[in-house]
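S.K.: Can you read through this structure? Questions will come right after.
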Amino acid sequence: MATYTPMIQQYLKIKADYQDAFLFFRLGDFYEMFFEDATTASQELEITLTSRDGGGDDRIPMCGVPYHSAPTYIERLIEKGYKVAICEQVEDPKKAKGVVKREVIQVISPGTLMNEKGLQEKENNYICSVTHFPDDTFGLALSDLSTGENSVTLISSFHDVVSEIYAKEAKEIVVSSSFSAELLQTVKERMTITISFEESTKVEDAFLHLTESLQQQKLVDTFARILQYLVRTQKRSLEHLQPVQLYQINEYMKIDLFSKRNLELTETIRSKGKKGSLLWLLDQTVTAMGGRLLKNWIDRPLLSKEKIDERLNMVDVLMKQFFEREELRDLLKEVYDLERLAGRVAFGNVNARDLVQLRKSLQKVPEIQEVVYRLNNPYASKLVEDIDPCERLTALLERGLKEHPPLSIKEGDIIADNYNHQLDQYRDASRNGKTWIASLEQKERERTGIRSLKIGYNRVFGYYIEVTRANLHLLPEGMYERKQTLTNAERFITPELKEKEALILEAEEKIVELEYELFAQIREEVKVYIPRLQALAKKVSELDVLQCFAKVSEERHYTKPTFSTNGDIHIKNGRHPVVEKVMNAQEYVPNDCQMTDDSSILLITGPNMSGKSTYMRQVALTAILGQIGCFVPAEEAELPIFDQVFTRIGAADDLISGQSTFMVEMLETKNAVTNATQSSLILLDEIGRGTSTYDGMALAQAIIEYVHEHIGCKTLFSTHYHELTVLDQQLSALRNVHVSAIEKNNKVVFLHKIKEGPADKSYGIHVAELAELPEPLLQRARVILADFENASEEQKVKPTADAVAEPEPEPEPQPIEQPKAETKTDTEQSQLSFFGEEKEQQVKEASLSKREKQIIAELKQLDLLEMTPLDAMNAMYKLQKLLKKK
Ligand code: ADP
Ligand code: MG
């Protein structure tokens with residue numbers, strides 16, 4: 001068997017260490033991929049697959065991308081969830097003996113992206129790591145390499161871990177190879193995430209300061225795994241990593257992943273986009289940092305009344321002081337993404353334009369401070385009192401950098417005049433040379449009398465004197481040295497010209513070199529400021545989010561909520577913030593919500609499309625808005641502080657692709673009812689709808705009873721089973737409300753108004769009418785409905801009758817279904833009836849078979865009082881036999 005060439009051997013050796021990544025193997029001006037990497041990459045990137053002889057028996061599949069356009073290709077692979085290992089030549093090929101030495105210099109993965117193009121400005125890019133401890137607790141660490149933020153927490157249930165990862169939209173998860181594959185699978189089912197492995201949990205000395213504040217070894221180990229992974233894959237300075245923040249998930253309102261999704265907090269269910277979400281509605285931030293913080297705040301509503309009030313008071317102040325707010329907004333607009341800048345400084349990826357942006361940002365800081373002081377609010381003043389404008393750095397950047405430097409840091413024109421003496425001298429030399437040359441043109445024109453004589457420059461010949469062919473005869477022979485002949489002109493040089501040229505070029509070369517050196521020094525100096533810039537970034541982003549709340553609250557006429565401790569909800573004229581925004585403001589019908597201890601469960605009925613879901617969500621969104629410190633869409637709002645919000649949607653309403661199974665509905669419900677406390681808010685929207693009617697109704701009733709008996713938290717339950725509305729008779733804290741609709745000319749008109757009491761009708765067919773389904777179809781639906789109504793009356797008798805035959809272990813709560821038909825009272829009957837009694841009777845009889853009618857007739861005729869028990873028994877036996885006969 002032939003052996004591979006040394007280069008392919010080198011490739012294979014390196015590749016062995018990076019099995020899970022595409023190895024971008026540098027060969028001259030290209031990154032090449034071989035073997036399987038090449039086949040997959042050629043498909044994923046739609047580039048040509050070729051092959052090369054590598055010394056083996058078969059040709060080796062190969063594909064490549066040019067070095068300069070590699071970032072685009074890398075980004076595309078990362079977007080698809082892959083990793084890319086960049087393998088560079090690490091010695092000068094000219095000096096190499098044998099194969100040039102190569103090493104992987106960085107592994108780029110979805111969670112470690114630093115390239116600005118691949119990152120969303122207003123979104124963090126998280127990588128997380130999870131450690132499963134023997135006591136069945138979990139450590140979760142989150143890092144954003146682009147901003148340097150790190151946090152860690154301990155969580156006791158894996159479900160909560162998944163919710164956290166989901167909320168943070170982590171792109172990559174790092175675990176040990178012994179981590180349960182089953183648990184990993186549950187993560188993968190919920191979101192697209194790249195999985196990576198890291199075994200080491202050692203914290204290197206250089207990073208000890210990051211974990212100093214962590215008291216528990218578990219926390220250190222959890223964070224260390226991510227740290228080790230970053231160190232191992234990034235292979236460079238990570239000086240921008242910030243000390244790890246310990247947090248507890250129970251410091252914030254818990255909104256699990258189903259609820260987040262269902263409430264469309266940061267993305268909509270349908271399109272998965274930001275547009276149409278609460279974040280979209282709220283986002284009036286003007287800095288990238290503020291945008292990211294806003295998203296974090298929405299993810300983590302507060303529980304501390306004090307902290308909530310601090311934010312609300314500041315929003316209040318900013319709302320009232322319009323001019324200061326607008327001034328603040330204008331100033332903040334000038335502030336660059338300091339956090340990501342700090343990250344790129346550490347990575348060595350900043351250019352002079354970035355630093356000019358930094359300078360401009362820093363110059364605004366004193367003004368920001370001043371305008372915030374003018375607000376005259378203690379919290380606001382506290383926020384900015386220790387703000388650090390990094391004056392020395394500002395001064396350095398002001399002195400050091402030109403106004404409009406180019407993108408490239410290797411072509412000069414970066415450093416300002418008067419910053420460095422040596423540089424000024426080189427520049428003088430170059431400028432003097434150029435002036436001399438400029439004056440030479442004039443001088444030579446006079447000397448020769450050729451008015452069109454000019455001096456030019458090109459890269460090949462340097463400076464030259466150009467004389468057009470027509471004027472050549474005016475030039476004394478041998479005056480200049482001939483250099484180049486063009487069709488219309490001759491180009492000449494003189495020793496003097498070349499001498500000056502040498503001086504200029506030398507000066508320029510030195511300028512470029514020196515400028516680069518000086519720039520690198522400034523960049524190093526900026527590095528020292530990284531922690532201070534990060535601290536500044538935090539303040540700026542907070543101010544930004546608060547002004548954003550104020551702006552939205554003012555524009556949309558929100559009110560400051562108050563918080564009670566008795567658990568009551570009093571909302572006057574509340575609105576759904578997003579629905580209200582997308583429709584005409586005047587069209588939205590506001591609704592009150594009153595919930596107290598003795599009406600803690602609202603059972604909401606009403607036709608389809610009347611606004612049940614909207615109403616429930618507006619209550620939850622109001623609570624969330626309040627607890628993130630924003631004003632709320634209502635005229636008045638008194639709210640409790642909720643510890644958790646659960647939102648579940650019946651399967652038929654659940655539009656998430658591939659997950660609209662009844663099982664998911666039940667799993668979600670289980671999670672809500674087992675985790676909710678008395679201080680939680682539960683929204684159950686048409687739960688039970690994912691299964692057959694009776695099944696669904698039974699579950700719905702049992703769930704309501706369970707919440708009533710065992711949890712006792714504020715609950716909104718919408719349902720289209722109005723059979724459930726009788727539950728108010730046995731559940732003391734349940735109150736019926738309905739969304740009203742009226743019938744006009746046999747058509748339903750939605751009023752979207754919440755009213756007391758149960759809805760009286762199901763308007764499905766009317767809605768179909770509104771949608772203008774063909775009239776014969778509608779006609780038919782009315783007949784079928786009538787049949788169903790009838791059939792269901794009959795069916796209902798059975799389960800109850802069976803149940804009576806078997807002794808029950810415990811007294812069941814009163815069933816909602818009507819008891820036997822015979823014992824049904826008039827009032828009960830009318831409650832259930834969608835039709836007049838007479839019509840119902842006709843319908844019923846029409847659907848009975850001839851034999852059944854006969855049996856009924858016979859039954860009617862029996863004179864029971866005249867019969868002995870045995871006669872009665874015999875008569876019953878006969879009738880039953882008739883009935884059973886096929
Ligand atoms: P349901 O859950 O009862 O089927 P939805 O809550 O989904 O109904 O509401 C259906 C539509 O009705 C919404 O998309 C919205 O356009 C409109 N709607 C709901 N509530 C209101 C309201 N309070 N004012 C105006 N329009 C509303
Ligand atoms: Mg609905």
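Any Cβ shown, glycine's included, is placed from N, Cα and C.
Just so you know, TrEMBL annotations are computer predictions that nobody has curated.
Heads up, here are the entries from TrEMBL:
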- G606, P607, N608, M609, S610, G611, K612, S613: ATP binding site (BINDING)
- 836-847: compositional bias 'Basic and acidic residues' (COMPBIAS)
- 680-696: domain 'DNA mismatch repair proteins mutS family' (DOMAIN)
- 794-847: region 'Disordered' (REGION)
S.K.: How do the residues of the domain 'DNA mismatch repair proteins mutS family' (680-696) split into helix, strand and coil according to DSSP?
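M.R.: Split by secondary structure, the domain 'DNA mismatch repair proteins mutS family' (680-696) comes out as 4 helix, 5 strand, 8 coil.
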S.K.: If you count other CB atoms within 10 A of each CB, which of G606, P607, G611 wins among these binding-site residues?
M.R.: G606
S.K.: Can you list which of these binding-site residues (P607, N608, K612, S613) have a Cβ closer than 6 Å to ligand 2?
M.R.: K612, S613
S.K.: With an 8 Å cut-off on Cβ distance to the G606, P607, N608, M609, S610, G611, K612, S613 Cβ center, who else from the chain surrounds the ATP site?
M.R.: T614, S718, V739, A741, F750
S.K.: Helix, strand or coil by DSSP: which one applies to M609 (ATP binding site)?
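M.R.: DSSP assigns M609 (ATP binding site) to coil.
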S.K.: Pick from N608, S613: which of these binding-site residues has the biggest number of other Cβ atoms within 10 Å of its Cβ?
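M.R.: That would be S613, with the most Cβ atoms nearby.
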S.K.: For the domain 'DNA mismatch repair proteins mutS family' (680-696), provide the mean pLDDT of the predicted model.
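M.R.: So the average pLDDT across the domain 'DNA mismatch repair proteins mutS family' (680-696) works out to 84.
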S.K.: Looking only at M609, K612, the binding-site residues on record, which one has the least crowded Cβ, with the fewest other Cβ atoms within 10 Å?
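M.R.: Minimum Cβ neighbour count within 10 Å, taken over the binding-site residues M609, K612, occurs at M609.
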